[in-house]
Amino acid sequence: MKRTFLPALAGAALALSASFAGAATLDTVKQKGFLQCGVNTGLPGFGNPNEKGEWTGFDVDYCRAIASAVFGDPTKVKFTPLDAKERFTALQSGEVDVLIRNTTWTMSRDTSLGLKFAGVNYYDGQGFMVKKSLGVKSVNELSGASICVQSGTDTELNLADYFKSHNMQYNPVVFEKVSEANSAYDSGRCDAYTTDQSGLYATRLQLQKPDDTIVLPEIISKEPLGPVVRQGDDVWFNVVKWTHYALLDAEELGVTQQNADQMKSSDNPDIKRLLGVQGNFGQGIGLSNDWAYKIVKGVGNYGELFEKDLGQSSPLKIQRGENALWNKGGLQYGMPIL
Amino acid sequence: MTIQATSPSAPRVERPARSSFLNDPDKRGYIIQAVLLVLVVAFIWWLGHNTAQNLQRLHIASGFGFLNERAGFNIGQSLIPYSGDRSYGYALLVGIINTIEVAILGIVIATIVGVLVGVGRLSSNWLIRQLATVYVELFRNIPPLLVIFFWYFGVLAVLPNPRDAINLGLGFSLSNRGLFTPKPIFEHGALYVGIAILVGIVAAWALSRWATARQMRTGQQFPSFWAGLAVIVVLGAASFAATGAPLHFDIPVKTRFNLNGGSQLGPELVSLLLALAIYTASFIAEIVRAGILSVSHGQTEAAYSLGLKVGPTMRKIILPQALRVVIPPLTSEYLNLMKNTSLAVAIGFADLVAVGGSILNQTGQSVEVVLIWMLVYLGLSLIMAVLMNWYNRKMALVER
Ligand SMILES: N[C@@H](CCC(=O)N[C@@H](CS)C(=O)NCC(=O)O)C(=O)O
């Protein structure tokens, strides 16, 4: 019963504590001296411990960005690996301060779980991968297939919807841990594997023979992935939300980890405000005025993170696509700091 | 009788009258119990109240209304018709039934294997004794989760894919999707065959009662087992022929991905069952061995001197007496097996915990789902305990 431990623990916490998961997360984080961040158990590119046991990935770097904004130090983070089923309970119960774990922004999650999505750090969609030897070219040929999927994801629901609306049959094989789903696909228990397309690219690399598997072209859903916080704590919500915007604005304005110091003397008023040379924007979110400078100095801007963790400098080699900035044909749009 | 011999009942000591009400141990006992009861009830109320308040303050939806909502996800293994259009409550029922299925099948297999191994440990044959000992020492010391993984990822997964399935003949085939078997399809008239077989069973039972009664009276034996079997087979076969063989088989056929048709015993169920049964059997074997050893050797010698052979001695003299010692610890092994079925989540078998886990995550109602989990396991355990206690009482030594 170890696997059901976390929800049970959260239940106990809900039952026992008098005033629960206090509202002022920013204060508790400052007091603790570190950020507790809920991440993947192991998904290359998003949240994955490397050979040395250090956490790497895009979502992990978002955690570091928040730590940089609060402490000016990207290392002041502790990571809690969570599987799909555990993640919301861990956030609700206050075990983590923020959840950044390729989590799809859906209405029910945003409204009835007591949670709030602070933005979309990766626009994704659900896809499928299959063994090449099956000769399958399209999802619509998959009727009758056994399909591996991780439980507690919206992937599970999209899959059922898509097959139903296309009058196709399938046999779901549902796993709780991504590692178990991977081995089952690898061993041939399933004909296909479905998850967010980003996750497919990552998972494919973990297979014994990645080249024997292809990712099918169809995308069957919208999967806006983003950081999540608890409802009812606007200050903390703002910190997370504006960390995301600062990363985007920095990319748009050409402020990088390298040039952040020189940029402080830039004449561009947008850059001046971003880096805290002008205005008191940090105060509004309970941080110092150079909060965004600390973010960029600590981890880089959005484009740099993408390039390092997901893009051409990473094994995943994912295109920017929808995640390009709005003025480069994508959907990523940082609200102005003004 | 033995009790009286060892502890002669002492005359009841008259207690001197107490000066104060509180010094009377009887009354004090009642008061303490009442206070405890109030405290426990108050504590439970406080827990519930606090939980509800916390949930509300955290804006988390609560209540059991979600059980009526559309589930939306599919389930791989189900004994009752299920689709994503059914409700969460119905999906839970699928999970509960799957849990019960594994528990019952597991208990049956574990008991058979356990009794064989337990008797084997006491065998006079050296090889059998050693094999049984190795079995027990090996399997009771490996965590069942590892055994599940061993079967699932180690054994069943290396079987060929369904397109190259191993053909076992007669429509049976084995692949990494499990064991496919022909599925019997009953046509019109099969009902009469069923009724005929049922009649046969009742007749066989009556026959065996009659035979026992006669043996008690006259000492004459009658081969009631074989005679009963013959009655059942003859009745069944005759009605089968008379109704024009109302049965055919749906043979699984290969399609692009899987085998279609027939019945399928999936690798999830098989590895879970094998692992739980084999693990629990090693404990049952030890319980059976202890039970047999608890029956004094004089009983065996007495049976032999009456001319009984080894088999009947075991079946009629030793095992019935051993059973009394065996049942109580056996009950707790059965309960363990049932609770261990929750390891199913590790390999994607849709048991109560796996289905509940999906629901928990889709709805976010963890408190409710965890409550349901606890209540269902508690309920199943209680039912099992009641059944086993009833059986235990039935088996208890009737003193004459
Ligand atoms: N975006 C989907 C799916 C997220 C998800 O859990 N994906 C899996 C499969 S790629 C995963 O990340 N597993 C890694 C883990 O459990 O650590 C959701 O929010 O429900």
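The chain as shown is numbered from 1 upward.
Even glycines carry a Cβ here, placed using N, Cα and C.
Given the structure is predicted, the values throughout are model-derived calculations rather than measurements.
Here is what TrEMBL says about this protein:
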type	residues	note
TRANSMEM	B:30-48	transmembrane segment
TRANSMEM	B:88-117	transmembrane segment
DOMAIN	B:96-388	domain 'ABC transmembrane type-1'
TRANSMEM	B:138-159	transmembrane segment
TRANSMEM	B:189-212	transmembrane segment
TRANSMEM	B:224-249	transmembrane segment
TRANSMEM	B:269-288	transmembrane segment
TRANSMEM	B:343-364	transmembrane segment
TRANSMEM	B:370-391	transmembrane segment
Contact yes or no, the transmembrane segment (B:370-391) and the transmembrane segment (B:138-159), 3+ Cβ pairs under 8 Å, gap 6+: no
Contact set, same chain, for the transmembrane segment (B:343-364): CB under 8 Å, 6 or more residues outside the stretch: 60-61, 66, 69, 71-73, 75-78, 88, 91-92, 94-96, 98-99, 102, 144-145, 148-149, 152, 266, 268-269, 271-272, 275-276, 370, 372-373, 376-377
Stretch among B:30-48, B:138-159, B:189-212, B:269-288 sharing the most Cβ pairs under 8 Å with the transmembrane segment (B:88-117): B:269-288
Closest-packing stretch to the transmembrane segment (B:269-288), where packing means Cβ pairs under 8 Å, from B:30-48, B:138-159, B:189-212: B:138-159
Beyond the flanks of the transmembrane segment (B:138-159) by 6 or more, those residues with Cβ under 8 Å of it: 166, 174-176, 178, 267-268, 270-272, 274-276, 278-279, 281-283, 286, 340, 343, 346-347
Contacting positions for the transmembrane segment (B:189-212) when only residues 6+ beyond its ends and CB under 8 Å are counted: 221-222, 224-225, 227-229, 231-236, 238-240, 242-244, 246-247
